[in-house]
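A.B. asks: Residues annotated as Fe cation binding site in TrEMBL: His388, His393, Glu433. Summarising the annotation, TrEMBL assigns compositional bias 'Polar residues' to 77-86. TrEMBL lists 90-106 with the feature compositional bias 'Basic and acidic residues'. Positions annotated as domain 'ACT' by TrEMBL: 139-214. Under the heading region 'Disordered', TrEMBL lists 74-106.
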Amino acid sequence: MAVAAAQKNREMFAIKKSYSIENGYPSRRRSLVDDARFETLVVKQTKQSVLEEARARANDSGLDSEFLQDGLLIGSGDNSPTIEDGTQQDETKNCHLADTDNTGDKKLDEDYTLTEEEVILQNAASESPEAEQAIQQAALLLRMRDGMGSLARILKTIDNYKGCVQHLETRPSQSAGVQFDALVKVSMSRVNLLQLIRALRQTTSFAGVNLVSENNITSKTPWFPCHASDLDNCNHLMTKYEPELDMNHPGFADKEYRERRKVIAEIAFGYKYGDPIPSISYKESENATWQRVFNTVLDLMPKHACREYKAAFGKLQAADIFVPHRIPQLEDVSNFLRKHTGFTLRPAAGLLTARDFLASLAFRVFQSTQYVRHANSPFHTPEPDCIHELLGHIPLLADPSFAQFSQEIGLASLGASDPEIEKLSTVYWFTVEFGLCKENQQLKAYGAALLSSIGELLHALSDKPELRAFEPASTSIQPYQDQEYQPIYYVAESFEDAKEKFRRWVSTMSRPFEVRFNPHTERVEVLDSVDKLETLIWQMNTEMLHLTNAVKKLKDSHFE
């Protein structure tokens, strides 16, 4: 019963908050590729051209006759599934699966127009009986007219075609007459996949059913924000660790805590570019949790934190932002960062998808949660909360060198392929979250997850884990642990050394263009024309002139 209730809450969140539905993720770790993939798919311009020769070949093969008879969907045997409820033909006589008026033939004819991806799949299946039954990984993009009620029928139909759902996400659609877009990743035989697609297309519940191949997913340049205001569209969350959904979350059985989280999440969802960050009136118990963690960080920081972190922490204390008895407001922290490194904050409702979070860094924007971890677990949180953001991330975002490194990771993510997003996210994990560096031949922590998690910090600096030199190429493919202490940490010689290695590694990525951030317009510019490059060169020459004059004047004053 508890599992069923949690699943119901999961679906309701997907409807109300446009969260992801991750039915296929293993409990141990999430796939950052899947986090990012939906951003690529929802904006992909699916090829709709008519491939006459392939379509004729499909019709000649007799496949169509297996699915349609008098406007109803039928199968090839007694156990053939249907789209509406997965039952046999005799149970669906009254189901309206396709138009049966004078336009019916035309509609069905259009539905059987094959896309290029389907032609490739069909050709592969027709090579031999073994190829026909070979298991195929595929992604389907479904545009649902009738809302979330269609999901149950979709899953039942896939099950009846002996398919396995590996990943499922939904989002409100931007298309007229369509309520939701759903991305479904499935694993099933090629012949069953072809039958599934054709079956789905015969119901009026869908405005479109598209098969998207893996190659097209990774080779197409996805949409990415070009101005800071576009980050209003980069607030898609993962449902992992949500107290409404995860029975292991400390707040799962605490109704008052869950309601509090919902209220704070709504504030983040309502935030728009240019708005002041709304203040949160924190409860006494929340401030008490902050104080316990804050005082512990104060005790451990002198010995274990890097010098940049300690220097910035002191500035935050001097500005009366970091005090033990009160959780800082994001607006105050954002104003502080803007003065020191140009970074700003915007509220986030929870754990963002990898692509959305990294994209914000390109604009020197850090998406921060405002809710507080559960009082029963003050020194550990299974998800990012404001204590993690404030005590872990904010001090180093106030350091110019580290802020630049964070922005470079963000810029590298814009337009990157899904595998590259996974690698960038992994580099971020082992540096910004769990990074160690050398300082006077001693190990110091600079990772936010270390500096805001006492147990992990002491573990990282003990003799238990394996320590490796930071090399982006190898770091980016290292599996990581997101529920227990890390068995491996990467050590940077210095921030400058880490940045230089990172730049060299990024230059090997497959993205066919370069981008730069214009701080005057808060816009990312794609350097894809001679005019843009000439403008940039002119700006750089102007800057070099100022630098040359400054050096000359310093030399002249030195010799006077």
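A Cβ is built for glycine as well, from the same backbone N, Cα and C atoms used for every other residue.
Bear in mind that TrEMBL entries carry predicted annotations, made automatically and left uncurated.
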A.B. asks: With every protein chain in view, what's the tally of Cβ atoms within 10 Å of the Cβ of His388 (Fe cation binding site), excluding that atom itself?
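C.D. replies: His388 (Fe cation binding site): 21 neighbouring Cβ atoms within 10 Å.
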A.B. asks: Near the Fe cation site, what residues other than His388, His393, Glu433 in the same chain have a C-beta no further than 8 Å from the centroid of the listed C-beta atoms?
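C.D. replies: So the extra residues in range turn out to be Pro384, Glu389, Gly392, Val432, Gly447, Ala448, Ala449, Leu451, Ser452.
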A.B. asks: Looking at Cβ-Cβ distances, which residues of the chain lie under 8 angstroms from Glu433 (Fe cation binding site) while being 6 or more apart from it?
C.D. replies: Gly447, Ala448, Ala449, Leu450
A.B. asks: Looking only at the domain 'ACT' (139-214), what is the mean pLDDT?
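C.D. replies: Computed over the domain 'ACT' (139-214), the mean pLDDT is 83 on the 0 to 100 scale.
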A.B. asks: Name, in the order they occur in the sequence, the residues of the same chain whose CB lies under 8 A from the CB of His393 (Fe cation binding site) and which sit 6 or more residues away.
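C.D. replies: Once residues fewer than 6 apart are set aside, His393 (Fe cation binding site) is near Phe366, Ser368, Val432, Ala448.
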A.B. asks: Under the DSSP assignment, what numbers of helix, strand and coil residues are found in the domain 'ACT' (139-214)?
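C.D. replies: Summed over the domain 'ACT' (139-214), the classes give 26 helix, 32 strand, 18 coil.
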